[in-house]
Amino acid sequence: MDTIPMVSSLLSSLANYSNLPQGSKEHEEAENNEGSRKKPVQAPRMGTLMGVYLPCLQNILGVILFLRMTWMVGIGGVIEAFIIVLMCCSTTMLTAISMSAIATNGVVPAGGSYYMISRSLGPEFGGAVGICFYLGTTFAGAMYILGCIEILLVYIVPQAAVFKMEGLEGAEAEAAMLNNMRVYGTLVLSFMAIVVFVGVNYVNKLALLFLACVICSILAVYAGVIKTAFEPPIFPVCVLGNRTLVWKGFDVCAKVIERENATVTTQLWRLFCDSEFLNATCDSYFVNNNITEIQGIPGVMSGILRENLFGNYMDKGSFIEKVGLPATVEPDSIPTNTNRYVLADITSFFTMLVGIYFPSVTGIMAGSNRSGDLQDAQKSIPIGTILAITTTSIIYMSSVILFGSCIEGTVLRDKFGEAVRGNLVIGTLAWPSPWVIVIGSFFSTCGAGLQSLTGAPRLLQAIARDGIVPFLRVFGHGKANGEPTWALLLTACICESGILIASLDNVAPILSMFFLMCYMFVNLACAVQTLLRTPNWRPRFKFYHWTLSFLGMSLCLSLMFICSWYYAIVAMGIASCIYKYIEFRGAEKEWGDGIRGLSLSAARFALMRLEEGPPHTKNWRPQILVLVSMDSELNVEQPRLLSLTNQLKAGKGLTIVGTALEGTYLENHPQGQQAEQSLKKLMEAEKVKGFCQVVISSNMRDATSHLVQAGGLGGLQHNTVLACWPRNWKHAEDHQSWRNFIELVRETTAASKALLVPKNISAFPSNGERFTEGHIDVWWIVHDGGMLMLLPFLLRQHKVWRKCKMRIFTVAQMDDNSIQMKKDLTTFLYHLRIDAAVEVVEMHDSDISAYTYEKTLMMEQRSQILKQINLTKTEREREVHVRPQTFTSPSADAETPSTAIQMTWTEAKCDGEQAKPIGATTPEAIKDLFNMKPNQSNLRRMHTALRLNEVIVKKSQEAKLVLLNMPGPPKNRSGEENYMEFMEVLTEGLNRVLLVRGGGREVITIYS
């Protein structure tokens, strides 16, 4: 606490005391100094006492203490009421410890708790919890106004009611009361909103009065408790049988009195009988029971505490009865004259009491909201807030015990003091007069309502100005001096909805939910920052621990469901909707929040797990490295390549978009950054979720090689490369491009990565196009691990290709059984759960010479695959556990059927040579699978391409997309140009072609 100030300093502090949130006074000063060039005089900085302690005290002590605390003790008993107070005060104390740690880890500007949460947990959590805290503050304003109206209409001027309640009973009386609350509540809200709109300076000038009202009221109660020890106040309670009577309309608590030696009936008699004479017809319960007058305030030394220890929960409409007094009730009799008795106005239970009480411990953020006005915020906020919570906790806990020790149980359970001549129950205990509490609590609730209407719009304005919730941006504007006019209008409308509920007991649990959610996330923010041990987490407040924060968070969550499980679900639903809205539509903000740190930790853990081994065939999906080229202005030359990527990926798995720039890194670093921004912009436009990477090297070949080798991180690496067919490769000046392309094919094969090469990429559809019909044709010439089967399935998941049907063409040699092959392939596709039409095309060996050896070798594999559908159950289960292998160099162990099935691109000699047995193939003897010898004539190669192309064009010319096995390039580099020519002739006449080269492993399985 601050050192004791001089008298003049204390008076100056009191003169400048304000309970407004940070920024309110600055707005007012800006308005007052408008048009003047003079700098406004800065208000004196405040210390712990004036800046934090007293504002927190004023915000915490409020309407619930004055209007519901005695009733809560009477209903729940001293023990349960003490447990409720202890739970709620523990929650706020733990939250204050977490808040102190966050608030002393840097400057907290306007926005208070919203700023703390958003900068600690990110904009999504910050926005969701900030709006919940705003709603809580707004409904708190409604609760304070309803409390103010209740004091006015019940205790100060009951005759001011617009809807008269005289003579009404039950539901009619309740409806009249609620309507009065609505009418007067709307009028008071309108008046307060006008005051706040005209200028918060007026609210500021009344802050000291409101503070004095709270302090005087508390002191009056304690003074009254001390006085009851030796001179209890006279507040008699009239009881008929054991039922408490409403002390209204009679002066003497008796049926008859002796006057001038005659027995005379009293006013009470006339309330229950049809005449004033002794022979009148009276209410049966009145006739059968005696009248007893008991003392409403027995005093602290009376021992009444023993009777008030335990709860006495009641149903709505039940009589408030004095325990221990005899009563005679006729069986099956219907109660009459119920408006003469004190009745329970609502059904009460423990969890309801928690929901009603919790708002009385809120207000702990008052100090952190004003950190900019403090001399030393990092010292004052923890000390002032924790001292204020300690003080108020002592007040609440002592009040529970003292109320139970001083006041009769029937009076405690009488919510509106009807048994004590309509006095405020806590007022009956006050000294020197009940009016001290009545007037004090009235002005206190008015002040609290004004402060809520002042603080809530500024909180909404802070959220709107951050720009994280697009539809709230309009509320960031206001008057010329920054006053949040539009936010005030919205706040008043929401507050009016709370006033229309018209019941303090129904509004309190609503704002309890929003405050509890806010406090829960303050604790979560502190726990996350502490556990992550981020370098910037260096709070000056050292008395915190993550276990305390976690305990506070658990208490908040538990209290939410204790108060009202359905309100809790609604509040969490609202927060979740706001969270998802900000996640999808909100502005991108990088605030160094804890959730980003948590994501990094989770990502590191996941990457370490991925290092444990390659994914199973069932989990395999293309993790694509997309290689694009840039033009002279650093724009992507093939934007449709990213469209195809999106259609293949549908937002799943890894996507890396890479490009290569020629030059040195030091000289071309700015161009690299520009290229990266261009890639990000295009990825966003094409809705490709992934990463981009730019590599700068002395030549394009090395840069592309670096991308293929170094892309990804740890176990999160690409397994597929997507690159365009080189355009204009025949031009003499562009010979390097096709040489680079062939080297890329060789490198992907060496790295056991799949390769996808779209030809005529400009003809591929954009993401906005839709095919209403057509076919995706797959030409399955050799087995490639299932890539040709999987890619059409993935494409058809996207809306562009969804209505296209899949056809599979497989090539049979003349000595194959085409009918059996078609039947086996259809069965195989059925087990793969892929819908496709199957067609077998017969060709001579000479017509597919480039594929002949591959065909001979792979036909055995294909037949082995198709035979899998005939395996026994035991054998299938054994096959499921066979680990996929890559087969860049098959060994003698590859002769078993199961491993043969896994083989994909097996390197061997080309056609014209006798194929060696698989097991006899050695790495030294391996040649490229589609190696075309230099001594072969171009005529032979072109004949192969022409015959294949003839058949493909005949069958698939109208197809929307043709997928085709891509032969490997020759190892002898002198034949590279012939390879390019071969591919050109092979695909001539086809609009869209996707050349596919497998990665050396199975990517599809028939097993679940």
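Glycine too: its Cβ is placed from the backbone N, Cα and C atoms.
As recorded in TrEMBL:
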type	residues	note
REGION	18-41	region 'Disordered'
COMPBIAS	24-37	compositional bias 'Basic and acidic residues'
TRANSMEM	46-67	transmembrane segment
DOMAIN	52-226	domain 'Amino acid permease/ SLC12A'
TRANSMEM	79-108	transmembrane segment
TRANSMEM	128-157	transmembrane segment
TRANSMEM	183-200	transmembrane segment
TRANSMEM	206-225	transmembrane segment
TRANSMEM	341-361	transmembrane segment
DOMAIN	343-625	domain 'Amino acid permease/ SLC12A'
TRANSMEM	381-403	transmembrane segment
TRANSMEM	510-532	transmembrane segment
TRANSMEM	544-568	transmembrane segment
DOMAIN	639-748	domain 'SLC12A transporter C-terminal'
DOMAIN	769-1008	domain 'SLC12A transporter C-terminal'
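Mean predicted confidence for the domain 'Amino acid permease/ SLC12A' (52-226): the pLDDT average there is 87. Below 8 A, the CB atoms of the transmembrane segment (341-361) and the transmembrane segment (381-403) form 3+ pairs separated by six or more positions in the chain.
Proximity of distant same-chain residues to the transmembrane segment (381-403), defined by a Cβ-Cβ separation under 8 Å and at least 6 residues beyond the stretch ends, is recorded for 1, 48-49, 51-53, 56-57, 60-61, 65, 69-70, 73, 78, 81-82, 85-86, 89, 92-93, 96-97, 99-100, 103-104, 218, 221, 225, 300, 305, 360-361, 364, 367-368, 371, 374, 412, 426, 429, 541, 543. The stretches the transmembrane segment (206-225) and the transmembrane segment (46-67) meet in space: the count of Cβ pairs below 8 angstroms, excluding pairs fewer than 6 apart in sequence, reaches at least three. Taking every listed stretch (46-67, 79-108, 510-532) in turn, the largest tally of C-beta pairs under 8 A with the transmembrane segment (128-157) is reached by 510-532. Within the same chain, residues 91-92, 94-95, 97-99, 101-102, 105, 113, 116-117, 120-121, 125, 129, 132-133, 135-136, 139-140, 143, 354-355, 358-359, 362, 498, 544-546, 549-550, 552-553, 556-557, 559-560, 563-564, 567-568, 570-572, 575, 594-595, 597-598, 601 sit at least 6 positions outside the transmembrane segment (510-532) and bring their C-beta atoms closer than 8 Å to a C-beta of that stretch.
Across the domain 'SLC12A transporter C-terminal' (639-748), DSSP classifies residues as 59 helix, 21 strand, 30 coil.
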